[in-house]
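J.: Okay, handing you the structure first.
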Amino acid sequence: MRYTDGKVHDITIAYIGGGSRGWAWNLMTDLAKEESISGTVKLYDIDYDAAHDNEIIGNALSMRQDVKGKWLYKACETLEESLKGADFVIISILPGTFDEMESDVHAPEKYGIYQSVGDTVGPGGIVRALRTIPMFVDIANAIKEHCPDAWVINYTNPMTLCVRTLYEIFPQIKAFGCCHEVFGTQKLLSRALQDIEGIENVPREEIKINVLGINHFTWIDNARYKDIDLMYVYKQFVNKYYESGFVSDANNNWMNNSFVSAERVKFDLFLRYGVIAAAGDRHLAEFVPGYWYLKDPETVREWMFGLTTVSWRKEDLKRRLERSKRLKTGEEKFELKETGEEGVRQIKALLGLGDLVTNVNMPNHGQIEGIPYGAVVETNALFSGNKLKPVLSGKLPDNVNSLVLRQVYNQETTLKAALKRDFDLAFSAFVNDPLVTISLKDAKKLFKEMLENTKKYLDGWKIKA
């Protein structure tokens, strides 16, 4: 890398999952709008053609006169080729295909278990983790061999176990996980400020919060805007909208978009515990007993959120594949929209181009009390020149921490089971999940069925009869 006049040149970014039609395009967008950094993005994907398509799309974007950030995109045929010489590594992969995810999400429905996402916890999240962890073992070993000093940014779910695996295999790795769920809660606090106090259009970055918890089950126990206590403002907001829910856009709401909610799960958790649940309702609902919010589709509708079906994801993939073709041929112009992501800002800060405080997922080295040392937790952290320091965030209320700890220990059990290829250990995590409220006999039948549906990613496993 070269530093000149407040800019950094010749940076090398390895992108694992470089054929992505979502996260990769977001990265291209944010790099294109940032003139202070430039270099090469090496795209690796098990689908080389997809990575090559993104090479064409990215290089066409870089040549445009309206683009400030100039990057060379290069598709790589092997993981090793992409990692050699990398200063940063970005991991954004789909572990398996949507066929496996279809089993993760929908096989449990035969037993009355409903999941709104199915990629983090619940039966789907656990089985997804069992096939993801071996992939991250390989990635960690490759990083250790080819670019041990690189900063590693993970976007893949299950976030906690992906990051945890990287550190288990390569303890000296400089890795962290990024998730935008907390950003949505900052935006909700901004809307509460407008609704209750009449203060309009406050950017989420000006909403100062203390974050603590685990990914997708993150909490805020202190929130301020200048001298205004937003915990008090939020309480009034929750009391006002608890029954009706809060809908910010009538044309894009929980009834016509399964990714959107009316925030009623979030509001209910606040009234129960007095701290703000800082993730989308679809994720939060999966961390607590299933009969709270996910008893059945009717209950889900009462709480005003949606069950995201894998059939929808498959249709969406078809649309993105068609868009990829249009972008590749130039039939469609690549629009530089706001992505809402912070990866490029984090890279800049690590390069010494200004400090940044934001939420990330890292091993617990004392930043949260009451959670085991080494478990991956989500808190704020300070990014500065080649340094990342988690912010001391205190302790969750005991009644919240008991919910979090159940998931932490389950995640640790899942990791051990995946590394040992231990059916019984994995099943013990499966039946301990709050969504699995069926009999042991039915739970074992379901578990075996789900493992059978993902067995091509479970090398060395013996699925018991």
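Along the chain as shown, the residues are counted starting at 1.
Just so it is clear, glycine is given a Cβ too, placed from its N, Cα and C backbone atoms.
What you see is a predicted model, and the numbers here were worked out from it, not measured in a lab.
Under the heading active site, proton donor, Swiss-Prot lists H180, citing similarity to another entry as support. Residues or ranges marked as NAD(+) binding site by Swiss-Prot on the basis of similarity to another entry: 11-78. Residues or ranges marked as substrate binding site by Swiss-Prot on the basis of similarity to another entry: N157. If you look up Swiss-Prot, you'll see C179, H216 marked as Mn(2+) binding site, on the strength of similarity to another entry.
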J.: Quick one: Cα separation, S20 (NAD(+) binding site) versus H216 (Mn(2+) binding site), in Å?
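T.: Computed Cα spacing between S20 (NAD(+) binding site) and H216 (Mn(2+) binding site) is 22 Å.
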J.: So, three-state DSSP: helix, strand or coil for K74 (NAD(+) binding site)?
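T.: Where K74 (NAD(+) binding site) sits, the three-state DSSP reduction gives strand.
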J.: If we check Cα distances from the residue listed as 'substrate binding site', which of the recorded positions S38, H180, H216 wins as closest?
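T.: Closest recorded candidate to the residue listed as 'substrate binding site' by Cα: H216.
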J.: Quick one, of the binding-site residues S20, T29, Q65, N157, which Cβ has the fewest other Cβ within 10 Å?
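T.: Counting other Cβ atoms within 10 Å of each of the binding-site residues S20, T29, Q65, N157 gives the minimum at Q65.
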J.: Please report how many Å separate the Cα atom of D47 (NAD(+) binding site) from that of C179 (Mn(2+) binding site), as a whole number.
T.: 25
J.: For the binding-site residues I11, I56, C179, work out the Cβ neighbour count at 10 Å and name the residue with the minimum.
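T.: I56, out of the binding-site residues I11, I56, C179, has the fewest neighbouring Cβ atoms within 10 Å.
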J.: Would you mind checking how many other C-beta atoms are within 10 angstroms of the C-beta on H216 (Mn(2+) binding site)?
T.: 27
J.: Cα distance, H216 (Mn(2+) binding site) to K74 (NAD(+) binding site), nearest Å?
T.: 33
J.: Relative to the Cα of H216 (Mn(2+) binding site), which of the binding-site residues I11, T29, S38, I56, Q65 has the closest Cα?
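T.: Answer for the nearest of the binding-site residues: T29.
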J.: Find, among the recorded positions listed as K74, H180, the one whose Cβ has the highest number of other Cβ atoms within 10 Å in the structure shown.
T.: K74
